[in-house]
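Peer 1: Got a structure for you, questions after.
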Amino acid sequence: MQSNKTFNLEKQNHTPRKHHQHHHQQQHHQQQQQQPPPPPIPANGQQASSQNEGLTIDLKNFRKPGEKTFTQRSRLFVGNLPPDITEEEMRKLFEKYGKAGEVFIHKDKGFGFIRLETRTLAEIAKVELDNMPLRGKQLRVRFACHSASLTVRNLPQYVSNELLEEAFSVFGQVERAVVIVDDRGRPSGKGIVEFSGKPAARKALDRCSEGSFLLTTFPRPVTVEPMDQLDDEEGLPEKLVIKNQQFHKEREQPPRFAQPGSFEYEYAMRWKALIEMEKQQQDQVDRNIKEAREKLEMEMEAARHEHQVMLMRQDLMRRQEELRRMEELHNQEVQKRKQLELRQEEERRRREEEMRRQQEEMMRRQQEGFKGTFPDAREQEIRMGQMAMGGAMGINNRGAMPPAPVPAGTPAPPGPATMMPDGTLGLTPPTTERFGQAATMEGIGAIGGTPPAFNRAAPGAEFAPNKRRRY
C-alpha cells in the first residue's frame, strides 16, 4: 500500500500542477460517489489532511516497531524558500505529514530545516514537496546532513546492532547504531553510530582516539572517524551542474570508446595501467595487512594463554599465601587461647591459695580469741599454785605465834597444812576448775568454822607483809 502511494505521488510530481489538481479532483469526486462519506477525523493529531489535496495519511502505518522519533534521520533541508516565509507557514506546509518537532529558517540565505516524526514520513514529504513551486520559486527538499554520525571500523565478528548501541551509549544518547553487512549477511567489520548531538559524537571521537575502546573479549580496539556525508540517492542532477566554460569544453565530445592507435587510446591505456598498478599495490597492501593481522592474532592467542597461566599461578600463590596466613592466625588464636587458659588456671589457683590463707588466718584468730577468753590448764595451775603459796605463808606466820595450851592427851586439831620432812607444805594440787576457790582443798582443816575463800586467814590473825585484808 505504501509503495503504491509513493509511486502515484512520484508520478504526480512529474505532471503539470493544474493537470494534477484537475485529475485529483475528478478522482476524489468519483470516490465520493462510489464510497460513503469518510468518518470524522479524530482530534488526537494522528491523521491530517492538506488544504489543496484530499489525501489523508495514517501516521500509525509509517512508524516501525521500536523506532525512535524526531531523530536526525528525519530532518529535512528545504532550499529556495521565499524571503518572506514564516515558521508558521512552513509548519502549515508540512502539516500533512504530522507534527513538526523543529523548524529553523534562515531568511537571508533562503533555506531552512524541519524535523518530522519518522524517517518514512520525511521520505514521503521529500518526494511530494521537492520541486513544488512556492511564490515563484521551486522548493528543493533534501535530507539534512547528519553531523553527529561516526564510522566505526575493526568491529569484532560477534558485535550486533544492539551491542554497538549499548557500547557507544556511554558517550551520549544514540539514535541509531548499525553494523554493515554484505549481501550474505556477514559482518564487514564496519558500523555506523548516529548520536543525537555533536557533543556526544565529539566526546566519542576523542575518547576512542586517545584510548583503546574494546567491545568484546577479543582485545582489538575499534577505530572511530567522522562519517563521510555522501548522497547516493539524489546524486547530481543535470540542472544542478554549473554551466561554465569548462563544462562546455568537456561536453564537446559525447560518450564513446577510444579508437586503437589514436591519441586518446594511448593515454587512456596509460591511465588504465596506472589504475591497475594502484589496484595491485592496494591488493598487496591488503594481503600484507591480512598476514600481519593473522600473525598478530596468533601471537595474541599465545600471549593470552601465557597470561592466563600466569594469572592462574598468581591466583594459586595468592590462595596459598592466604591459607598460610589463615593457619598462622589459627595458631596465634590457639596460642592466645592456651595462654588465656593458663592465666585463668593461675588466677584460680591464686584465688584458692588466698582463700586457704584467709581461712587459716580466720581459724588462728578464732583460736587466739578462745585462748584469751578461756585460759588453758597450765596457766590456771600456775595461778592456783601462787594462791596456795600465799595462803601457806599466812599459815606459817600464824604458826610462829605461841600456841595455846593444849591439854595433855588432846589430839592436835587438824591444820590447814602439814609441813613435810623436805620442808614443803603438804598441799593437794588445785583443781582445774575455773574458780578454784570453790573447790575443797584437802589437807587444810577448818579454822574456826568454814574455811574462808581464797585461803583467807582466820580472824585476828596477822597478815604477811604487803598483804591486806580482803573483804
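Cβ from N, Cα, C; glycine included.
Values in this document were obtained by computation on a predicted structure and should not be read as measured data.
Straight from Swiss-Prot, here's the annotation block:
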type     : residues : note
MOD_RES  : M1       : N-acetylmethionine
REGION   : 1-51     : region 'Disordered'
CROSSLNK : K5       : SUMO2 cross-link
COMPBIAS : 14-27    : compositional bias 'Basic residues'
REGION   : 54-373   : region 'DBHS'
CROSSLNK : K60      : SUMO2 cross-link
CROSSLNK : K96      : SUMO2 cross-link
CROSSLNK : K99      : SUMO2 cross-link
CROSSLNK : K126     : SUMO2 cross-link
MOD_RES  : S147     : phosphoserine
CROSSLNK : K190     : SUMO2 cross-link
CROSSLNK : K198     : SUMO2 cross-link
CROSSLNK : K243     : SUMO2 cross-link
CROSSLNK : K249     : SUMO2 cross-link
MOD_RES  : S262     : phosphoserine
COILED   : 268-372  : coiled coil
CROSSLNK : K371     : SUMO2 cross-link
REGION   : 443-471  : region 'Disordered'
MOD_RES  : R456     : omega-N-methylarginine
CROSSLNK : K467     : SUMO2 cross-link
Peer 1: Report, in whole Å, the straight Cα-to-Cα distance of K190 (SUMO2 cross-link) from K96 (SUMO2 cross-link).
Peer 2: 37
Peer 1: Based on Cα distances to K198 (SUMO2 cross-link), point out the closest of the recorded positions K126, S147, K243, K249.
Peer 2: S147
Peer 1: Select one residue from K99, K126: among these recorded sites, choose the one with the most other Cβ atoms within 10 Å of its Cβ.
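Peer 2: Max Cβ neighbours within 10 Å, all protein chains included: K126.
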Peer 1: Using the alpha carbons only, what distance in Å do you get between K190 (SUMO2 cross-link) and K99 (SUMO2 cross-link) once rounded?
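Peer 2: Rounded to a whole number, the Cα-Cα distance is 35 Å.
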Peer 1: Using the alpha carbons only, what distance in Å do you get between S262 (phosphoserine) and K243 (SUMO2 cross-link) once rounded?
Peer 2: 29
Peer 1: May I ask you to report the DSSP-based helix, strand or coil state of K190 (SUMO2 cross-link)?
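Peer 2: Once the DSSP labels are grouped into three classes, K190 (SUMO2 cross-link) ends up as strand.
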Peer 1: Roughly how many angstrom lie between the C-alpha atoms of K99 (SUMO2 cross-link) and K126 (SUMO2 cross-link)?
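Peer 2: Given the Cα positions, K99 (SUMO2 cross-link) is 15 Å from K126 (SUMO2 cross-link).
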Peer 1: What's the CA to CA span in angstrom from K249 (SUMO2 cross-link) over to S147 (phosphoserine)?
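Peer 2: Rounded to a whole number, the Cα-Cα distance is 36 Å.
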Peer 1: Within 10 angstroms of the C-beta of S262 (phosphoserine), what count of other C-beta atoms is obtained when all protein chains are considered?
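Peer 2: Excluding its own Cβ, S262 (phosphoserine) sees 10 Cβ atoms within 10 Å.
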Peer 1: Sorry to bug you, but what's the C-alpha spacing from S147 (phosphoserine) to K126 (SUMO2 cross-link), rounded to the closest Å?
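Peer 2: K126 (SUMO2 cross-link) and S147 (phosphoserine) have their Cα atoms 20 Å apart.
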Peer 1: Quick one: give me the count of other CB atoms within 10 A of the CB of K96 (SUMO2 cross-link).
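Peer 2: K96 (SUMO2 cross-link): 21 neighbouring Cβ atoms within 10 Å.
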Peer 1: Whole-number Å only: compute the distance from the Cα of S147 (phosphoserine) to the Cα of K243 (SUMO2 cross-link).
Peer 2: 30
